[in-house]
Structure formats: C-alpha cells, structure tokens
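Below is one structure. I have some questions about it.
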C-alpha cells in the first residue's frame, strides 16, 4: 500500500511540477498561455508568453462544437477577464462588450476597434450569436447557461423524443412511479438475508404473477370491447410485461424444484454450513457493514485516481497542431508510458482494497471459529482484524492482489485487441483470442479463490503469503470432495439467493405498480429496481460467500488437530460435522495433530 501511495504521489508531483495542476484548474488558451498568471514564451508560437493575470477565465469561440470521440471542445480558446453574461448577436455587440468590460472575446492580434470589419473575424472571433455564459465554480471556464446552445445534440434528442411514442410512455412511467422505485430500492437493502425461505416464495410469487396477468388481460379485453382509450397501448405493454415475468418465474421455479429434489443430499451439507455462517453474522453484526466500507474506499480511490489522470492529461510540453495551429500539452518520450503505469495502478489498488476486505473478514471469522466460548469473543473482532491487517499483513494482500493484476492486464489487452479486430480477423484468430481470454478468466477465478484461502491460512497461522498459499492448497486438495460440493452447490445456492432478492423486489414492485394501471409503463421502473437490487445482493452475498469459505477452511484445519473425542472436540457445529462425515463416506474425520487448540487471530 505504501508503494502504491508513493506511486500516486510521484505521478501527481510530476504533474504539478510541470504545471498540469494550474492548467487543469485555471485552464489555458490556444496559444499555450495559462489563464490568471504570467506565462513564459513558447518557441514558434507568436502569441504565447502573455501576462494573463487579469484574464482568469477560459472563453471558447464556439463552445457547442464538441468532439465526443476525443472528449474535447473543437474551438479556439482565449483567456478573458469576464464571461459574456448577455447574448451578443453582432460583432458590434462584441466590440461594445469589450469596450465596456475590458474583456476581449476575439484573438489577441485583432484590435477591438476592428472587430466588426476584420477579415479573419469568422476564424478568430466568436461564432454568432454569442450565448450568455457563466464560469464554473472551480474550473474557470465560460459555460453557456442555455442548454439549447448545443444545437446539434438538442435537435437530435428532440427529434428522437418527438418521433418515439414509446419513449414518452417510458419516461412518464418512471416519473409517475419514482416514489415506488425509491421504496423498492430500500426494500432491496432489507431483503439481503441468507435464511429467506425462497422455495415457498418462488411458488407463491409465480402464482400471483399468473393471477395478475389473467386479471390485466381480462380488463384489457373488456376495455377494447367497450370504449378504447389513449392509454390502451400502455395497458397492452403492461400485459405483455406480466406475461414475460410470469413465464420466467415459472421456468425458474420448475428448475429450482427439480435441482433441489435431485441434489437434496448435497444441498443439505451446504445449507448446514450456511446456517453456521448465519450464526457468525449474529455474533459479528459489523460484518454486514463491510460492503459499505469497501465501496466507500473504492469510490475515494477512483476519484483520486481520476484526479491524477486529469493532471496527466494537461501535463507535458506544448505542441502546436498542424491543422489549426493551436497549442496542446502532450507527454512525449518515456513519460507517455506514465499513463499506462497509472492504469496498472487502478487495477492493482482496486484488487488490493478488495483483498483487504477478504483479509479483514477472514481474521474476524477465524477469531470467532476458534473461540469455544463465544461469550469470550473480543468486543470488536472486526476492528481487531483490521488492526492486525494494518500492522502485520499488508504485504500479504499486496502480493495476492498483484498476482491477480498480472493475470488481469493481459486479459484486458487481449479483450481490447479482440474488439479492435472485430470483423477483420479470420475465424481461427478469433477462436484463439476468445480461448486465451477465457483461459485467463478461469485462471483469474482460480487464483482469487486460492488467494482467499491463503488469507484465511495467514489469519490462522500468521505465516507469509507464499507459505499460506501452499498450506491452503494442500488442505483444499485433501478435502477435494467437500470443496467441490461446497463450491458448486454453494455458488448455486448463493446465485439463487441473488435471484430471490431481485425477484422479491420485482414482485413487490409489480404489486405496487398494479395500482397505477392508467398511465404507468412497468418495464423500465422494474428494470431499474432489479439492477439496483442485484448490485446490493452481489455486494452483501459476496461477504457471506467469504464467510462460508473461511468457515470451511477452518473446519478442514480443525479436523487435522481434533477428532471429536473428549478433550479434542471439534469447534464446528455438530450438525455440519455429521453431514460432512456422510459426504466423506467415513465415520469421522481423522486427526493427525497432537490435540493442541488453534489460536485465534489477535492484534
């Protein structure tokens, strides 16, 4: 972490030392002058090196000429002392504004008196009419206050909206049901619980969806037979949406019941482990807050990363373009690879933050597992685990996250090449690229699973990353059958949990929107709510999955040191021990240790 912080500090320091920070905040004109300060002469640029102390704002001659692909404004920029706050319709108005306010809106080499008659006014003076503008709060750029200034985008959008009746209905539905959408998002946060009885809910929810479909179809038929209304198309859309929801729910419920019937014995072991994980959350309620802290940390890092990237975008040496003769700042030579190095940091530190979450959860769960008397648990095992991570194991998570980065980078490069060559490469090359991408993805998933178990081994024995990874791999191989059962069935059950959360939220949404039959289109509001609930379910159940994996590895270590006899009892719940014996096909797990108790992770 210290290395990554130094990396960001060095890149940001380079950007600031080259003037990138001041150019980013204050802006610069098309001749390389930074607004609001004195400037040095740039060789070959006649109008550079001007004193712009009094001219603090960047003014674009054609602010609406936006290049979306290159993410920049294709217009000459000047430093001015004041943004035009009124519309200027003629060059005479531009001249009057300059004389009254001392803010020259044409190029520096054109005298104010010649604004209306100068031969190059079409190139070096603002495009008429000049829209009224205000400066941004922090970044001193003159921005038009009227959004209709962006004519080409506004016209395209207005044309699309006026010609698309479906868009009208969708927007009306979202606006009419915005309170319901917000309420359902809150409901999604409240339904994240691993013990929800999703079998009964799946069957009941499917039945209710079919009932709603029949009810709405009957009402639609009656309305069509009597007096059709302008809302007829909206009602038809709702009936079709209900039919799709009902069919999907029916297929999902049938598959769920069949799988649970044929895999009931294997599911029993996983469900028992899930019950134990539920008890962990009962004793360690702060585990439920881990997704919030992780998400907050990721957001703070991404914002800082983006800030440094913006600094880099305005760093480097001034370069005059051959087409328009305007000055841009570009990094050349070896320093241009600094952007790529910064991109690697994005992947590595993101993985590092996720690894810190895994290590924190692992330390807290290990402490819980290897404490026989749960009333003797520390006051805050999560905080103790964080302190231990910060003091002893930052190098471990840095190594683990770096290994993932080494696999992720070539996968992203190959994915980029595949997208760039889409439609150009032959079938053999396309197949090879996809195969390599798939193999790297599988390798990444395997390494992430091994890393998680290595963090657990580190939490148990306080060993280094490589030693912990080796020990965890040996334990997983020795318990291959149970590992396969927990992973396959467990992942499937967790997937069902995510689907359940989304389904419950969508089901309540259908019932809520059922009272707005006259004007609400259901499709988009339900999609918004379902996407949000899926994100919530993924974040929280990912922590639950980590807890399950840590418990299983702790149990595997437990069986190596204890055999269940008096004085050498297992730490795990008896129900899971019995189910595990049946799965292993033997009376009891064999212990090869000396009976010593494993020590919990302490700070």
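Every residue gets a Cβ built from N, Cα and C, even glycine.
No curator has checked TrEMBL annotations; they are predicted automatically.
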Pick from 339-370, 371-402, 403-434, 435-466: which stretch is listed in TrEMBL under transmembrane segment?
339-370
From the ranges 316-337, 470-491, 492-513, grab the one TrEMBL calls transmembrane segment.
492-513
Looking at 128-150, 519-541, 542-564, I want to know which stretch TrEMBL calls transmembrane segment.
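Checked against TrEMBL: transmembrane segment maps to 519-541.
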In TrEMBL, which of the ranges 106-123, 196-213, 214-231 has the transmembrane segment annotation?
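Result: 196-213 is the stretch TrEMBL calls transmembrane segment.
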